[in-house]
Amino acid sequence: MRTAQLLLLSFLVFLSIVVCGVSGAGNNVPRKNFYKNTRCPNAEQFVRDITWSKAKNDATLSAKLLRLHYHDCFVRGCDASILLDKVGTDQSEKEARPNLSLGGFDVIDDIKRQVEEKCPEIVSCADILALAARDAVSFPFKKSLWDVATGRKDGNVSFGSEVNGNLPSPFSDFATLQQLFAKKGLNVNDLVALSGAHTIGVAHCGAFSRRLFNFTGKGDMDPSLNPTYVESLKQLCPNPANPATTVEMDPQSSTSFDSNYFNILTQNKGLFQSDAVLLTDKKSAKVVKQLQKTNTFFSEFAKSMQKMGAIEVLTGNAGEIRKSCRVRN
């Protein structure tokens, strides 16, 4: 009898530990309104107000912050490692070649500084980046286009050597894109929807000039690119191109967040090779057609941004809340 009681007691203790452990882990998972019950309950409003005040004077801010968030999440997850300066001789993520054209670092620094003044050491840089990217894109609509779960911690390291092999390239073929997205828990729908971010922003000529002048190494152009569009691009980006020259990724619509990217894609005017290859796969081509409808694009983009924002996040005792986004504590 006593043995049975001891076994029952042991089982109850074990069950209690398991339940508490699961519950505790659940509390660490990023969730909506994470800061509501902290010493910074208005954190999200602070970030939105500052971001909107900056977006009002800079129509390019949405593309910069959206790209910065994307480049952060695909390397080490959404941990703000893209914001860290290098330590010693090791190259940081921001110094890796694919990241040299990123912008918006100063904006995140300023948002962080202002938030720290109101409530120090509460709001992570990873959350600020995720929120500011959403808020900058949402500014013209005066409402949030997608929900951002919060509660991320900031990472402690940043290695430039980890960028290639994790971050999709504008030269990627479809199989490579699909594989890289799958590694992050994202499917073909997410790949196409998130590619829709190319409806805003600009690109340097070097990211696509091979498609214009030397696609197969024989002085030819990419046959999948609209010939009339090629000629207009050649005017903007002669060979060799000026490294400082930029071109709209979505012609005449590069500061307007809309579904026009999918319209130009079906006209064979996708600027990058990674854009054009979305039409080479039967499933992704079908999604491209569906996302030509604005409401469908907005809805699917919102879902995919939420999934991307949850990639390999640090929570609980993992990571830290940086005092400055550029350096670990």
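Cβ coordinates are placed from backbone N, Cα and C, and glycine is handled just like the others.
Bear in mind that TrEMBL entries carry predicted annotations, made automatically and left uncurated.
According to TrEMBL:
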| type | residues | note |
| --- | --- | --- |
| BINDING | Pro168 | substrate binding site |
| BINDING | His198 | heme b binding site |
| BINDING | Thr199, Asp250, Asp258 | Ca(2+) 2 binding site |
| DISULFID | Cys40-Cys119 | disulfide bond |
| DISULFID | Cys73-Cys78 | disulfide bond |
| DISULFID | Cys125-Cys325 | disulfide bond |
| DISULFID | Cys205-Cys237 | disulfide bond |
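Spatially, by CA atoms, the disulfide-bonded residues Cys73, Cys125, Cys237 include one closest to Cys40 (disulfide bond), and that is Cys125. For Cys325 (disulfide bond), the same-chain residues 6+ apart in sequence whose C-beta sits under 8 angstroms from its C-beta are Ala80, Leu83, Leu84, Ile108, Asp109, Lys112, Cys125, Ile128, Asp154. Take the recorded positions Pro168, Thr199, Cys237, Asp258: by the count of other Cβ atoms within 10 Å of each Cβ, the lowest one is Asp258.
On its own chain, Cys78 (disulfide bond) has His69, Asp72, Ala126, Leu129, Ala130, Arg152, Met308, Gly309, Ala310, Ile311, Glu312, Val313 as residues at least 6 apart in sequence with a Cβ closer than 8 Å to its own Cβ.
Taking the mean position of the Cβ atoms of Thr199, Asp250, Asp258 as the Ca(2+) 2 site, the remaining residues of that chain whose Cβ falls within 8 Å of it are Gly196, His198, Ile200, Ser253, Ser254, Ser256, Phe257, Ser259, Asn260, Tyr261. Take the disulfide-bonded residues Cys119, Cys125, Cys205: by the count of other Cβ atoms within 10 Å of each Cβ, the lowest one is Cys119.
Shown in sequence order, Met249, Asp250, Tyr261, Gly270, Leu271, Phe272, Asp275 are the residues of the chain, 6+ apart in sequence, with a C-beta less than 8 angstroms from the C-beta of His198 (heme b binding site).
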